[in-house]
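Single-structure report; data block below.
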Protein chains: 2
Amino acid sequence: MNEAIKVGVIGLGTVGQGVLRLLKDNADEITRRVGRPLRVTYASVRDPNKPRDCDLSGVTTVADPMQIARDADVDLIVEAIGGISPARELIETAVGRGISVVTANKALIAEDGNRIFDAARQTGASVAFEAAVAGGIPVIKAVREGLAGNRVERLAGIINGTCNYILTQMQEKGTSFDEALRDAQRLGYAEADPTFDIEGMDSAHKLTILASIAFGVPLDYASVSVEGITKVTPQDIQIAQVFGYRIKLLGIAKRHATGVELCVHPTLVSEKAMIAKVDGVLNSVVVHGNAVGEVGFYGRGAGGDATASAVVADLCDLARTLGVDARHAVPPLAFQPEAVQPLPVMAMADVPSAFYLRLLVADEPGVLSKLTTILAAHDISVEAILQREPHGEDDATVALITSVIPQHRFDHALTEMRALPFVREDAARLRVEKFE
Amino acid sequence: MNEAIKVGVIGLGTVGQGVLRLLKDNADEITRRVGRPLRVTYASVRDPNKPRDCDLSGVTTVADPMQIARDADVDLIVEAIGGISPARELIETAVGRGISVVTANKALIAEDGNRIFDAARQTGASVAFEAAVAGGIPVIKAVREGLAGNRVERLAGIINGTCNYILTQMQEKGTSFDEALRDAQRLGYAEADPTFDIEGMDSAHKLTILASIAFGVPLDYASVSVEGITKVTPQDIQIAQVFGYRIKLLGIAKRHATGVELCVHPTLVSEKAMIAKVDGVLNSVVVHGNAVGEVGFYGRGAGGDATASAVVADLCDLARTLGVDARHAVPPLAFQPEAVQPLPVMAMADVPSAFYLRLLVADEPGVLSKLTTILAAHDISVEAILQREPHGEDDATVALITSVIPQHRFDHALTEMRALPFVREDAARLRVEKFE
């Protein structure tokens with residue numbers, strides 16, 4: 001039962017390298033979750049001399065990917081070369097001999113998924129593709145399983161980080177589309193030939209997949225109406241803002257009385273909507289189910305590590321079905337029962353945090369100096385401070401935010417501050433938490 | 001294989017009724033996904049004469065819930081009575097005879113989950129609890145499975161809608177805590193005795209569960225440091241805003257070098273963070289994984305339908321493991337292959353939408369009147385309009401947003417407008433999409 005699950009990785013580009021890194025770096029966590037280690041035993045590389053950002057020790061590298069698909073002694077295969085051919089032939093060969101495949105290949109799934117799934121069904125193999133849509137956001141799983149009780153009425157998403165970065169730049173800096181695109185290319189967010197992203201085809205591939213799992217319709221890329229972002233002007237972004245809107249490239253799948261709407265186009269969304277606030281290279285998908293209402297997801301939609309996160313999640317799902325009783329495929333607490341282990345829970349006094357402090361003080365000279373001297377003596381920096389003049393009373397309000405420090409250090413300083421004759425009883429101390 | 005899966009529902013309160021409604025209303029979608037219908041055959045009700053908002057035809061109702069747990073001919077059981085006892089005894093009895101249970105009972109899982117999971121393991125039954133945290137948001141599944149490749153570094157969430165509603169009211173209207181609480185009670189967002197919510201215990205239960213699945217630690221409710229929102233003042237909310245922050249009640253689970261931090265407390269978060277924008281009764285959970293970075297989820301955290309959405313998702317998961325080959329538990333396109341059916345894809349011309357239009361027009365009298373006359377003739381209302389004076393040129397910009405209309409109607413109007421002598425070539429037409 002604790003034998004390693006052998007994984008073959010076809011293609012060692014950004015995604016393939018990310019998968020190897022992740023399986024190595026998080027080996028302990030993954031084994032605790034799955035119950036068996038996942039080990040890459042084979043990898044195919046086009047150029048064996050190219051330097052790679054992953055450890056290939058213990059991995060047999062081959063030049064011909066078909067060798068892995070057809071012959072290699074592996075339990076699961078990751079297809080990470082992208083494109084339609086030979087990726088399709090490789091996957092069909094692998095599932096043909098009963099080996100399940102994980103892929104991040106949205107073009108292939110959107111265009112040829114129906115036949116690939118049929119091929120897999122013949123042998124009982126699976127083809128998993130969480131990484132094909134919205135990178136690391138587990139949106140396929142959420143819609144397919146987490147919202148399985150719902151009739152999905154609408155699904156809409158920012159599913160191309162390149163376009164979202166360009167539109168965000170145009171919004172924030174007032175730059176033209178061309179300038180923003182060059183900027184994205186310089187930062188590596190857009191390819192040298194950006195057509196596929198900026199003309200909306202990449203979003204359309206992802207929308208095709210999302211629509212299928214939302215509505216239970218066959219994959220049908222050709223039926224999606226597509227409009228890219230090349231004609232969006234700074235002027236329109238600016239006028240939309242005056243109306244209280246942002247312009248985002250959305251993929252939309254929606255039920256109507258007479259059929260479904262499937263489209264990708266630049267769209268005005270109210271600045272108050274959560275999806276309007278998803279900026280830069282982030283992706284976001286919003287699903288409206290008839291029971292759950294609106295549920296939203298956001299996160300990194302691209303990049304080797306975020307994509308590898310989704311690939312490895314699929315590997316874990318498939319690994320759990322190899323030789324284990326289906327009922328126990330996913331343990332209740334995510335980790336195998338024998339791997340659930342306590343960790344020391346820190347006393348709050350030891351937990352580092354930035355702190356917000358509000359004090360009521362007598363309005364007299366030297367107050368700020370005495371307070372800040374105490375903070376300095378405890379090696380606490382002040383990140384922001386505000387003093388308000390008293391209105392009608394003799395007391396003034398001082399509020400500040402500190403650097404990140406263990407709570408006990410802050411509390412010692414607070415005790416000293418409270419002992420100062422000019423500090424009143426009323427005070428508030430709250431923690432500050434940072435997010436990306 | 002197409003025989004119905006028999007479900008027993010213990011408790012017909014808000015959640016239980018929601019489950020019955022959902023299984024009936026979405027029966028087609030659910031059967032297409034799972035491959036077998038899910039049918040409620042037994043339900044326990046304390047007061048059989050109380051009117052209920054669900055159809056009980058075909059359901060055998062019993063007064064004693066233990067009768068369902070111990071004897072009823074069911075494949076799966078939903079525990080929807082809440083509280084520790086007798087919910088615990090009921091679940092232990094059901095899993096004791098090998099019947100898997102779905103529950104929304106966060107208090108029970110947080111406080112007694114370890115022994116309940118142990119009891120289930122003895123017979124191979126499962127206990128599923130997606131609905132216990134963040135209502136309809138599939139966050140348990142996302143962390144447990146969707147992020148399985150990550151080492152979770154931090155998890156933070158707005159996991160009590162009552163508190164978030166109160167803090168949002170205080171923020172937006174400047175009301176006191178007491179006023180906002182009374183307002184929440186009047187609207188049914190807070191209970192007559194709101195202690196459990198406002199003192200943070202409910203959030204602590206949910207955080208306990210999230211921390212376990214994130215870190216693989218045993219459930220340990222007693223180790224969570226808890227501080228409620230009763231001491232938050234409008235003044236602190238206002239000063240925090242000056243500093244660029246919002247105050248939210250967060251549950252936080254975070255790894256540090258010496259252990260884990262587990263706490264619930266009012267927290268300052270930057271107004272730029274997505275989580276700061278989650279207002280009203282919405283819930284949100286943000287997870288930081290070492291591969292994926294920050295991933296966020298938001299949606300309705302409470303209410304019969306949202307909670308039922310999560311309960312039914314768990315039922316679908318468990319139903320898929322009853323007598324099916326594990327490899328095919330979840331079909332690739334969410335729906336069973338034989339149930340994947342095309343739906344007519346609407347021509348974009350027929351798709352209804354609100355439209356944004358920008359026109360460049362000669363700066364002469366009567367322009368607006370002629371444009372709006374054409375719109376009116378096509379029965380198109382104008383929701384917002386803006387005319388900009390020309391600067392240095394002879395042309396002016398007119399921009400407007402229409403009501404929701406089929407595209408062909410808008411395009412006919414646009415064709416007529418473009419034919420007007422004063423309308424220039426340059427024009428933009430974009431769609432507007434509404435979110436909650």
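Quick reminder: no glycine exception, Cβ is built from N, Cα and C everywhere.
Taken from TrEMBL, the feature active site, proton donor applies to A:LYS206. Taken from TrEMBL, the feature NADPH binding site covers A:LYS106. Residues annotated as L-homoserine binding site in TrEMBL: A:GLU191. For A:356-431, the entry in TrEMBL reads domain 'ACT'.
Recorded features from TrEMBL, shown on the structure.
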residue	record	CB count, 10 Å
A:LYS106	NADPH binding site	25
A:GLU191	L-homoserine binding site	13
A:LYS206	active site, proton donor	26
Next on the checklist: I need the CA-to-CA distance for the residue listed as 'active site, proton donor' versus the residue listed as 'L-homoserine binding site', whole Å please.
Outcome noted: 18
Next on the checklist: Can you tell me the CA-to-CA distance separating A:GLU191 (L-homoserine binding site) and the residue listed as 'NADPH binding site', as a whole number of Å?
Outcome noted: 17
Item to check | Taken over the domain 'ACT' (A:356-431), the model's mean pLDDT | outcome: 91
Checklist entry - Would you list the DSSP helix, strand and coil counts for the residues of the domain 'ACT' (A:356-431)? => result 23 helix, 33 strand, 20 coil
